[in-house]
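Novice: So TrEMBL lists these for the protein:
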type     : residues  : note
TRANSMEM : A:9-29    : transmembrane segment
TRANSMEM : A:68-101  : transmembrane segment
TRANSMEM : A:122-144 : transmembrane segment
TRANSMEM : A:150-175 : transmembrane segment
TRANSMEM : A:195-214 : transmembrane segment
TRANSMEM : A:226-247 : transmembrane segment
TRANSMEM : A:259-281 : transmembrane segment
TRANSMEM : A:301-326 : transmembrane segment
Amino acid sequence: MNTFGDPTIWLPFVFAGLMGLSILIYVVLDGFDLGVGVLFPFAEEDEKDMMIATIGPFWDANETWLVLAVGLLLVAFPAAHGAILTALYLPVAIMLVGLILRGVAFEFRAKAPAPHKRLWNNAFFAGSLMTSLSQGFMLGMYIMGLEWTLVNAAFSLLTAVFLTVGYSFIGATWVIHKTDGALQAKSVDWAKGGIWGLVLGIGLVSMATPLVSTRIFDKWFSWPEALLLSPLPILSALLVFALWWMLRRMPFTHDRVSWLPFAAASSLWVMAFIGMAYSFYPYVVPEQLTIYEAASAPESLFIILIGTLFVLPTILAYTVLAYTVFRGKATELRYD
Amino acid sequence: MMETLLLSRIQFAANISFHILFPTITIALGWVLLFFKIRYNQTGQDRWMEAYRFWVKIFALSFAMGVVSGITMSFQFGTNWPGFMEKVGNIAGPLLAYEIMTAFFLEAVFLGIMLFGFRRVPNWVHTGATFLVAFGTLMSTFWIIVLNSWMHTPQGFEMRDGVAHATDWFAIIFNPSMPYRFTHMVLASFLTVSFLIAGVSAFRWLIGGRTEGVRVALKTAVFGAALLMPVQIFVGDMHGLNTKEFQPAKVAAMEGHWETGGNVPLILFALPDQEARENHFEIGIPNLASFILTHEWDGVVQGLNDFVAEDGTILHPRVAPVFWSFRVMIGTGVAMLLLSWAASFMMLRRKRGVEGLPKPVLYALVGMSFSGWLATLAGWYTTEIGRQPWLVQGVMTTAEAVADVPAPMVLSTLIAYLVVYALLLSAYIYVIFYLARKMSRGEDIGTRIAPAPAAAPNAIPAE
């Protein structure tokens, strides 16, 4: 077991990496389908059905990455799991109610009597909005160190709004890829509007993070780390510019590269995420508990790791399979 | 702190009670759907596909309800019971991780293909997806039951600095009560689904939707229930004997039995009084409990008074809820046995099939549509309340695990959950019977999820 050195060092690191990976996959994948829900009220009735069709076969698997992320936090860093979730008790509860409403609305809106459909559409929107807002709020509270003060709550309200805008932006780019015609044109407009909110949001978080913690400030603005870090803001700026340029000209002839805005938006998430992960490492509860202090016993982590090495590639493989089966423009969802 | 504990317990009970309803359906319904699909592949008869198409919708709906309430459960560990993971996380963690990795993703990914892929993938892939979803739900059940059983009969670990460390994973997974609990739960799921299918199919039959699909579904469900009911009674008895060995206080509470001794009667009715430590208005069958539990007419059975510490601390669960929920489970089970046997007998008589079922029997089937839920919940309460005051038997109490969250906060989330659950449960039951009525009128019941066919005013039901 000591082949790779001290397991109390590398195991927590590996698990922090796995947890980070599943959070990242979650915010990209469930990010776009939550975004579609947030954009729901802006669409016409028949467009709503088409928007559902773009995410119908995927949303459940997308959401499972959240379960995995929280599961990994729970199994790898139990002390941090308790500390973080009890501090975020109320936003977590709001998120859960949101996830419940959204998840069941998919099924009910298609099966309930026609007059009830509007009700379930509203539940779908409300659930998506509650989920996005509360996740954004949790992100803000996490950045601010999980302390309930007026300033922190106010900041978290801002991140709540901006994460929701970010989700609807990536949601719009997904709809651009999966649809054509009027709905696609509409999604291009949504994305055009959303991109500025996204820039503002990333900028705000990037400014607040080093101000809250001198440790992070030093990490960002010390030589030569700053040089190594510089590709992140530079690449992000290039991505934003590319998105802005593309969206002004879309859709291209023959609907070429309709997937590109979604890919660019996902890459933007990845940049923001790497920045966050770099800043907070090695802490799992900001400024209080490091991943090494919070980790479970090595023998338990080892048991999970062995399984993960086999299972994670399998999961990724059949996720790719599912996206391949339902590739191309969304068509009507049929049970038969 | 006391109030927070009580409210957290109520909240957890509410969450898990709501959650368990839906896995109880999906665990078995997945396999029933696979059965329908395989029969269709073998025979090419449309009736099997008709049954598949109707019940796959109920499956999708139940699955979504199970997923969202399950996510709630997974967060509750952190928000309300952080002490649990801090103390036994080294054991519970890997079990939960394996559930997520081996089961959740499998179900979630292949559900999309199972529901919407029929026209996009070859038939065998669709059948394969149905199998993988069914298999995934069963895997999920396995890991959850392993963890739950371990909490009842923990072994394969040692305590170091107040934290449990695994020493033998084989012993942890194959803990003494796991095989009984797992079999009992899976059978409960099959019986729940049998009665649901039988009830809804009888309902459709009664209101005139007498299609071949209804006929095969009803037959499959009634015969399935009739065959499985005796198996369940046998497994339940073995589970009880296992509980007597490892959690005698629970069995004493189930029996309402206070003093250790022989010639114990089987109590049919009583009002257990924990303060006076006796039963009021007791009606029982002499010596039968001794016989059932020890297989000897005068066998000695441990009583509740053995589980009171010298200083008067009560180390057994509250008697009345365990005593009564056990009786509800048994009573419901007996009703299920009688009805499924009576209906099977009538269908077999002169080979008249569903035609041979008189109206009262059909009405009884409709009335018992959710009898499986009742029995499962009652059984669940028996075993879970029966474990109190322990959270992990002999290792940690429920009070040690609770979060230090202000009581009003727990109360507010509890109310929010209860409201949401009440609405969803009503909507769920309503929609099942709505689909059944619509189907019986020969209408399209939404094989299209999206987009809806362009404005079809006559698709709006009259009511």
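Cβ coordinates are placed from backbone N, Cα and C, and glycine is handled just like the others.
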Novice: Residues of the same chain, at least six outside the transmembrane segment (A:9-29), with any C-beta under 8 angstroms of its C-beta?
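Specialist: For the transmembrane segment (A:9-29), the far contacts come to 58, 61-63, 65-66, 68-69, 72-73, 76-77, 170, 266, 269-270, 273, 277, 281-282, 284, 291-292, 294-295, 298, 301-302, 304-305, 308, 312.
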Novice: Per the definition of 3+ C-beta pairs under 8 A with sequence separation of 6 or more, do the transmembrane segment (A:195-214) and the transmembrane segment (A:259-281) touch?
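Specialist: Yes; at least 3 Cβ pairs under 8 Å.
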Novice: Using a Cβ cut-off under 8 Å, which residues of the same chain at least 6 positions beyond either end of the transmembrane segment (A:68-101) come close to it?
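Specialist: Residues 12, 15-16, 18-19, 22-23, 26, 123-124, 126-135, 137-138, 141-142, 146, 148, 284-285, 288-289, 291, 293-296, 300-301, 304.
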Novice: Between the transmembrane segment (A:150-175) and the transmembrane segment (A:301-326), are there three or more C-beta pairs closer than 8 Å, counting only pairs 6 or more apart along the chain?
Specialist: no
Novice: At a C-beta cut-off of under 8 Å, are there same-chain residues at least 6 beyond the transmembrane segment (A:122-144) that contact it? List them, or none.
Specialist: 34-38, 40-41, 52, 84, 87-88, 91-92, 94-95, 97-106, 108-109, 151-153, 155-164, 167-168, 205, 208-209, 212, 286
Novice: If we skip the immediate neighbours and take only residues 6+ beyond the ends of the transmembrane segment (A:226-247), which ones have a Cβ under 8 Å from one of its Cβ atoms?
Specialist: 188, 191-192, 195, 198-199, 202, 206, 220, 260-261, 264-265, 267-268, 271-272, 274-275, 278
